[in-house]
Amino acid sequence: MNLKEKTRALFAEIFGYPATHTIQAPGRVNLIGEHTDYNDGFVLPCAIDYQTVISCAPRDDRTVRVIAADYDNQVDEFSLDAPIVTHDSQQWSNYVRGVVKHLQQRNNAFGGVDMVISGNVPQGAGLSSSASLEVAVGTVFQQLYHLPLDGAQIALNGQEAENQFVGCNCGIMDQLISALGKKDHALLIDCRTLGAKAVSMPKGVAVVIINSNFKRTLVGSEYNTHREQCETGARFFQQPALRDVSLEAFNAVASELDPVVAKRVRHVLSENARTVEAASALEKGDLQRMGQLMAESHASMRDDFEITVPQIDTLVDIVKATIGDQGGVRMTGGGFGGCVVALIPEDLVPAVQQAVAQQYEAKTGIKETFYVCKPSQGAGQC
């Protein structure tokens with residue numbers, strides 16, 4: 001039974017009438033462009049075929065009733081006519097409530113909804129299960145009540161809910177790719193303008209995500225420190241963001257910067273250039289060049305941005321040794337653990353899976369989790 005069938009069956013069973021719509025919003029993986037988003041730079045994510053699915057129907061009153069199928073059918077119920085506040089014990093409820101509260105501030109022309117939610121985006125793997133939930137909930141209200149909101153506005157609404165209601169600082173990439181993703185394509189996103197260009201993925205290439213299942217604590221504080229170092233770099237060049245600094249300008253004065261700040265700046269500037277070039281390499285089907293750019297990205301994250309860990313570097317080395325120049329692999333996500341992403345010809349996937357299974361646990365004492373994904377369509381009816 002797939003997620004659509006599961007949520008529709010549960011909807012009829014619990015609410016006693018059939019759902020009118022089923023909406024999905026996908027998770028994502030970022031192929032290249034790491035820690036560039038909050039520097040107003042470029043990212044190149046694709047939506048993946050793991051998603052949040054919501055079966056729903058409009059109500060004729062002002063009540064929102066929500067069932068979380070993945071949390072033992074926990075229930076949340078709130079009124080659109082009372083101030084929406086955080087739930088004291090159900091964290092998942094706050095993503096739903098936050099999206100609805102911020103939607104009210106954007107366009108209040110909607111009434112109550114019944115919904116049943118289920119998803120298969122792995123949680124805590126950096127594949128954006130929360131953004132997928134936020135975008136799915138926003139799309140439910142937009143579709144049921146024909147709200148004049150486009151994908152970018154639904155994405156921004158989700159980001160606001162996560163930043164201001166849930167209280168988690170995030171860029172816009174995760175919500176934007178979930179809302180705007182295109183089947184068989186990646187999306188080159190300009191994080192300053194929110195402009196997005198679809199980039200076709202070469203045929204016969206698998207998107208492989210491998211979770212190292214290693215996570216260092218203090219990730220939040222490390223993230224903030226790196227962000228501050230980038231802002232210090234932008235101030236040095238008297239620019240609003242590192243997006244506005246050229247590599248030439250940086251190289252001319254790099255020795256005058258604090259050495260650590262200089263390394264952080266060099267990563268962001270070189271990563272932005274790599275990301276734009278990667279989009280054109282993918283478009284041309286040049287997997288070899290894409291692989292080189294992913295390798296350079298990983299080395300830059302390891303040596304200049306200093307956000308990789310030995311477990312992640314080991315995983316990258318195992319995959320690289322197996323695929324040679326026939327694809328690419330790098331750490332993806334915030335850093336200090338998490339996942340690697342690889343672009344691999346489909347016929348090489350079994351060899352990569354076998355090599356990782358044989359070597360990673362032996363070298364690190366941790367068992368990996370392996371996902372093979374397809375670039376998928378963004379949010380909408382399913």
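Each residue, glycine too, has its Cβ placed from N, Cα and C.
It should be emphasised that the depicted structure is a prediction, and the values quoted were computed from it without experimental measurement.
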Which of Tyr223, Tyr360, Tyr371 shares the substrate site with Glu34, His35, Thr36, Asp37 in Swiss-Prot? The record says Tyr223
Using Cα coordinates, what distance in whole Å links Tyr223 (substrate binding site) and Glu162 (Mg(2+) binding site)?
-> 17
Filtered by Cβ under 8 Å and at least 6 apart in sequence, the residues in the chain of Glu34 (substrate binding site) near it are Glu271, Ser297, Met301, Phe305, Ile307, Arg330, Met331, Thr332, Gly333, Gly335
Rounded Cα distance in angstrom between Ser129 (ATP binding site) and Arg28 (site 'Transition state stabilizer') is 8
Among the recorded positions listed here (Thr36, Glu162, Asp174), which has the Cα closest to the Cα of Gly126 (ATP binding site)?
-> Asp174
